[in-house]
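Features reported for this protein in Swiss-Prot:
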BINDING   Leu123, Gly127, His128, Leu129  (6S)-5,6,7,8-tetrahydrofolate binding site
MOD_RES   Lys232  N6-(pyridoxal phosphate)lysine
SITE      His231  site 'Plays an important role in substrate specificity'
Amino acid sequence: MVGYILDDDLQEVDAEVFNCISGELNRQNSGLQLIASENFVSKAVLQAQGSIFTNKYAEGYPGKRYYCGCHFADIVENLAIERLCRLFGCKFANVQPHSGSQANQGVFAALLKPGDTVIGMSLDCGGHLTHGSAPSISGKWFNAVQYQVDRDTGLIDMDEIEKLAVEHNPSLIIAGSSSYPRVIDFKRFREIADKVGAYLLADIAHYAGLIAAGEFPSPVEYAHVITSTTHKTLRGPRGAVIMTNYEDIHKKIQSSIFPGMQGGPLMHVIAAKAVAFAEALKPEFKDYAKQIIKNSKALGEVFKERGLDLVTGGTDSHMVVLDLRSKSVTGKDAVLALEKLGIICNKNAIPFDPEKPFVTSGLRFGSAAETSRGLQESEFREIGSMVCDVIDSLKASDSVRLSVERDIIKRVKELTSNFI
């Protein structure tokens, strides 16, 4: 019988993959997930992403598909577009990009030609690979000029960016980051872009949920084009979007994504995006975003109380970035020690980091995922205390370190067992 396998459960068909999924579920539930680019999606988002839209190929856009049978695909994609525009107050949107990197590349393809000058934040100061970093296509195909932060404060130096813009005459300026925890002055970025005749791209991948909830400055009034992932603080499936208020730019982006960058869109992911956008439009999401920031601030306060240095001295978002140099500990050593005990974060470069990228002098923490789980300030203060205990133990004797490890394992288990 040809369809013999189609009705069987995963555990029967592929026990190895089933066991991997079961193991990952246990890992997520039993540990503290503090990677700033991660979150826990709702059951409804999971159901949409695991739906039969997986089966549907729908090259093109609603009303202009290259395949028949796209009636419901058109409806769900239009829902995603309408909800996204309502969420951010923009006029046009493309919900098809598979990732944030592809969204940024789609903007480059729409607005730039090879060799054009692009100004973006340097990787070690908090920028993203796609903001002109040398290993990325953005650094290979374009003349990438990187701005840094102030050495003393760790804050973006807008005067430096203006000087670079006047000197290099860019075609595109990128505002956004992957590890900059402070607010961004999108208005000043636009003023600089206008001064030199450049487009302004706001990459809000990390801040999107906070912006949607009104807890972080919005670039919609200022940016020519906005890109974002749909996971992270927006708490949707892994994917991306592109938004703009300019119809001419929107038309170019439509062509650059399809047929320029991608073929058939992932309709099951677009369905999940639509669900996530609907969730973000609810009043409860504003409360969630407020709690994200309260929790990250509580975490940062504990770090400072325990003598750790924070990049920029604090946070305005879901991110806290630690500078470990005063402890003579590397990010690599710290992150491995924490992971072993169920505290999951990532090693991270700090501004002007003397260490190599796979070693680093910093750690990055995010509060979005555990806030989704229900943790509040008191729990994040406890997390901060545990992190500090582990970092301090790395330079202690073996007996002290082992005692700390046993204590942290117990405390992590007690904390997570209350929020499964």
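Cβ coordinates are placed from backbone N, Cα and C, and glycine is handled just like the others.
What you see is a predicted model, and the numbers here were worked out from it, not measured in a lab.
Overlay of Swiss-Prot feature records on the structure.
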residue	record	CB count, 10 Å
Leu123	(6S)-5,6,7,8-tetrahydrofolate binding site	23
Gly127	(6S)-5,6,7,8-tetrahydrofolate binding site	24
His128	(6S)-5,6,7,8-tetrahydrofolate binding site	23
Leu129	(6S)-5,6,7,8-tetrahydrofolate binding site	18
His231	site 'Plays an important role in substrate specificity'	25
Lys232	N6-(pyridoxal phosphate)lysine	27
Can you give me the Cα-Cα distance between His128 ((6S)-5,6,7,8-tetrahydrofolate binding site) and Lys232 (N6-(pyridoxal phosphate)lysine) in Å, rounded to a whole number?
15
Around the (6S)-5,6,7,8-tetrahydrofolate site formed by Leu123, Gly127, His128, Leu129, which additional residues qualify by having Cβ within 8 Å of the site's Cβ center?
Gly120, Met121, Ser122, Gly126, Thr130, His131, Gly132, Ser133, Ser136, Ser177, Ser178
Roughly how many Å lie between the Cα atoms of Leu123 ((6S)-5,6,7,8-tetrahydrofolate binding site) and His231 (site 'Plays an important role in substrate specificity'), rounded to a whole value?
21
From the Cα of Gly127 ((6S)-5,6,7,8-tetrahydrofolate binding site) across to the Cα of Lys232 (N6-(pyridoxal phosphate)lysine), what is the distance in angstrom?
16
Between Leu129 ((6S)-5,6,7,8-tetrahydrofolate binding site) and His231 (site 'Plays an important role in substrate specificity'), how far is it from one CA atom to the other, in Å?
18
Return only the integer: C-alpha distance in Å from His231 (site 'Plays an important role in substrate specificity') to Gly127 ((6S)-5,6,7,8-tetrahydrofolate binding site).
18
